[in-house]
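Below is one structure, written out as structure tokens; the observations come after it.
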Amino acid sequence: MDINKMTYAVQSALQQAVELSQQHKLQNIEIEAILSAALNESESLYKSILERANIEVDQLNKAYEDKLNTYASVEGDNIQYGQYISQQANQLITKAESYMKEYEDEYISMEHILRSAMDIDQTTKHYINNKVEVIKEIIKKVRGGNHVTSQNPEVNYEALAKYGRDLVEEVRQGKMDPVIGRDEEIRNTIRILSRKTKNNPVLIGEPGVGKTAIVEGLAQRIVKKDVPESLLDKTVFELDLSALVAGAKYRGEFEERLKAVLKEVKESDGRIILFIDEIHMLVGAGKTDGAMDAGNMLKPMLARGELHCIGATTLNEYREYIEKDSALERRFQKVAVSEPDVEDTISILRGLKERYEVYHGVRIQDRALVAAAELSDRYITDRFLPDKAIDLVDQACATIRTEMGSNPTELDQVNRRVMQLEIEESALKNESDNASKQRLQELQEELANEKEKQAALQSRVESEKEKIANLQEKRAQLDESRQALEDAQTNNNLEKAAELQYGTIPQLEKELRELEDNFQDEQGEDSDRMIREVVTDEEIGDIVSQWTGIPVSKLVETEREKLLHLSDILHKRVVGQDKAVDLVSDAVVRARAGIKDPNRPIGSFLFLGPTGVGKTELAKSLAASLFDSEKHMIRIDMSEYMEKHAVSRLIGAPPGYIGHDEGGQLTEAVRRNPYSVILLDEVEKAHTDVFNVLLQILDEGRLTDSKGRSVDFKNTIIIMTSNIGSQVLLENVKETGEITESTEKAVMTSLNAYFKPEILNRMDDIVLFKPLSIDDMSMIVDKILTQLNIRLLEQRISIEVSDDAKAWLGQEAYEPQYGARPLKRFVQRQIETPLARMMIKEGFPEGTTIKVNLNSDNNLTFNVEKIHE
């Protein structure tokens, strides 16, 4: 027995047989040990053949184990188990060797062991019974005319079934979603496949536009016989390149697998069309020192027309891999797959609607499909239709399905309340005082009411769930019947087709309508139901908002109120700048109502004015109002961009420079957070060439970064602040605080001297901030003191400042040329520092209120007014 004349699988089975003998303490390797090991081998051909012959493999394996247990085990020292081969096991190998010669093979393989076991082993004979001829046929089919010329022949057996999937068969079994549209591309593919030579189309398009769907559409047409005669008997196999490469342990094993696949395709005489998704992976696949890659192995067959192949890849990968190999490129014919428009996407979604309804057990409204196409096109800019729209619908269905499986919010709240009351009840039962007894009585009454409410809600939920389950079951039956109708029509089974089309399907549709009507009558409108089973455009909007951070869902009442009073909210934080506040809040309201220009940012403003009048504060307060946090503001200090080359930091370093992979500070921030306030602070400090980058943002709402990716700025508010013309404003402002026309012209003259006309012309508005008046200062004092009180709240201390003291603070700190900042410093010196000293010295208890007054000497006095109990 020469172990080197056996395949790796047989060698592995013998090794496992030795281990089995050691476990059973047997000196000899028995035939059952070898056969049990062969049956349990990973990816066992022995097991695979028996399973296809409908042999009970588990029972056969148990029979082998039982037989092994009947052999006498040997106990003792220095006994070597599994060192010898039994007479019957030796006969098995000898007989297998004779089968090897009969098949004209070079190595003993698993099928030889199986044939030998069928002749020699009584246990195997008993289970195989009268299926010997069936097994012989299966072995013949699996081998496919191949000879065992290597120690790993299994890779050559049924290579296509192992490393690919039959798309035509999947269509017949109804496993594939329908393909809607793409008729021109499918026809183009069919034309190329019908050529004599170079009949290999390659589908090129962006990720998610439907390249794989075109091949699935071709498979569906083949099943429906809606193809030219030359393609009627064809089948489409999708090659799984990762499976082809995975587990190829030995040198040349990958090439052997690929050759086996290509041999099957070639021997099919053009009946098999090979589909290779991500075909660029062929270039370089399996490449080792001195070995050919997969691409070079395909070239001869492609050129001769022996291999019918459809490839699919993206534009970038085609350029990077295929175009570089011109010999491979010329053997393929390009089919460009463009992104469908919104109307085509809606048609595709309508075609898929029923499949998703049946899978998720929900109802999808048509307006949800329209919203998915339109919103994904407008807001999800880094992906392509129809993929992103289909994902939206799928996610929305999954969301509703998840909600259906859990308790509604109303019932959940009641359950929590009941649990809370029960815990309180058990605690009060241990108390003996009158107050506790009184509370216990009240609590038990409330608990009884809550339990009654809980039972009613639970009953209603169960009823709705039962009716929804009936609807889901009926929809699934209808879907199965429609699939059966397609199969019957394809197979020309007219009697069955007529029965389904005119009997079963109309009856199921009628029953489904009745169930839906009853459900509608009993449960009322969708909004009245405890459990929602309908996907609407609101769910689609919510998911777009989750993915992008852009609020596109319908306005809820709280948000509606917030938007209508946005200017009031901003006025509380920004004092004395009514025009600026109104302009910014109006821009946000226009955008949220959906009537802004969809190709430009929400708003772009240039704020001009002296320092400390609220330019930056307005941007911060806007971010806080819209997003409940100032962190959503992208702040770029333009004083960092004083050099001409600093523009690369905004959009990213060019190729070859350090930091190219990191992206730009502005572009990456907006890509991560497309709905935000962008504050370009102190723009006059930046180099003038930096503003050329802003031209595209302000006009088209987009910017291309250093990697060539387009970043969407259409949902941002761009605010620039500058001190240009502030001296003119300070010198010429009226006593009322109004800015005169001549002052405005003088400021604009200063502005035109600094900014290019094309920048200024693209701004929505240039807003002049007026210097702060004495009246404004008193309001700012209130604001500063409110913030101080918020900080003191943590220590349970509060401060009250008299009106006289407030007026004095505003008057003393008033410096028009510096705005509100001197006031903040003045309050720090006059109130915060003395207060801090008192707190450290005296250590106020919680609940202390400190009153600040102004005495006759114009000095502030601090008195501890009261202590709350």
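Quick reminder: no glycine exception, Cβ is built from N, Cα and C everywhere.
Copied over from Swiss-Prot:
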- 3-145: domain 'Clp R' (DOMAIN)
- 6-71: region 'Repeat 1' (REGION)
- 85-145: region 'Repeat 2' (REGION)
- 158-339: region 'NBD1' (REGION)
- Gly205, Glu206, Pro207, Gly208, Val209, Gly210, Lys211, Thr212: ATP 1 binding site (BINDING)
- 340-549: region 'Linker' (REGION)
- 390-524: coiled coil (COILED)
- 447-468: region 'Disordered' (REGION)
- 559-771: region 'NBD2' (REGION)
- Gly609, Pro610, Thr611, Gly612, Val613, Gly614, Lys615, Thr616: ATP 2 binding site (BINDING)
- 772-869: region 'C-terminal' (REGION)
If you count every Cβ pair below 8 Å, which range out of 85-145, 158-339, 340-549, 559-771, 772-869 shares the most with the region 'Repeat 1' (6-71)? 85-145
In this structure, the one of the binding-site residues Pro207, Gly208, Gly210, Gly609 whose CB has the fewest other CB atoms within 10 Å is Pro207
Cα-Cα separation of Lys615 (ATP 2 binding site) and Thr212 (ATP 1 binding site), in Å? 53
Compute the C-alpha separation of Gly210 (ATP 1 binding site) from Gly614 (ATP 2 binding site), stating it in Å without decimals. 51
Reported in the order helix, strand, coil, what are the DSSP residue counts of the region 'Repeat 2' (85-145)? 46 helix, 2 strand, 13 coil
CB-centroid shell, 8 A cutoff, ATP 2 site Gly609, Pro610, Thr611, Gly612, Val613, Gly614, Lys615, Thr616, site residues removed: Phe607, Glu617, Thr721, Asn723, Phe769, Gly819, Ala820
Judged by the number of other CB atoms within 10 angstroms, which among Thr212, Thr611, Thr616 is the least packed of the binding-site residues? Thr611
Could you count the residues of the region 'Repeat 1' (6-71) that DSSP puts in helix, in strand and in coil? 48 helix, 3 strand, 15 coil
Among Gly609, Thr611, Gly612, Gly614, which are recorded as binding-site residues, the nearest neighbour of Thr212 (ATP 1 binding site) by Cα: Gly614
I need the most crowded of these binding-site residues: Pro610, Gly614. Count other C-beta atoms within 10 angstroms of each C-beta and give me the top one. Gly614
Out of Gly609, Pro610, Gly612, Gly614, point to the one nearest Pro207 (ATP 1 binding site) in space (Cα versus Cα); all of them are binding-site residues in the record. Gly614
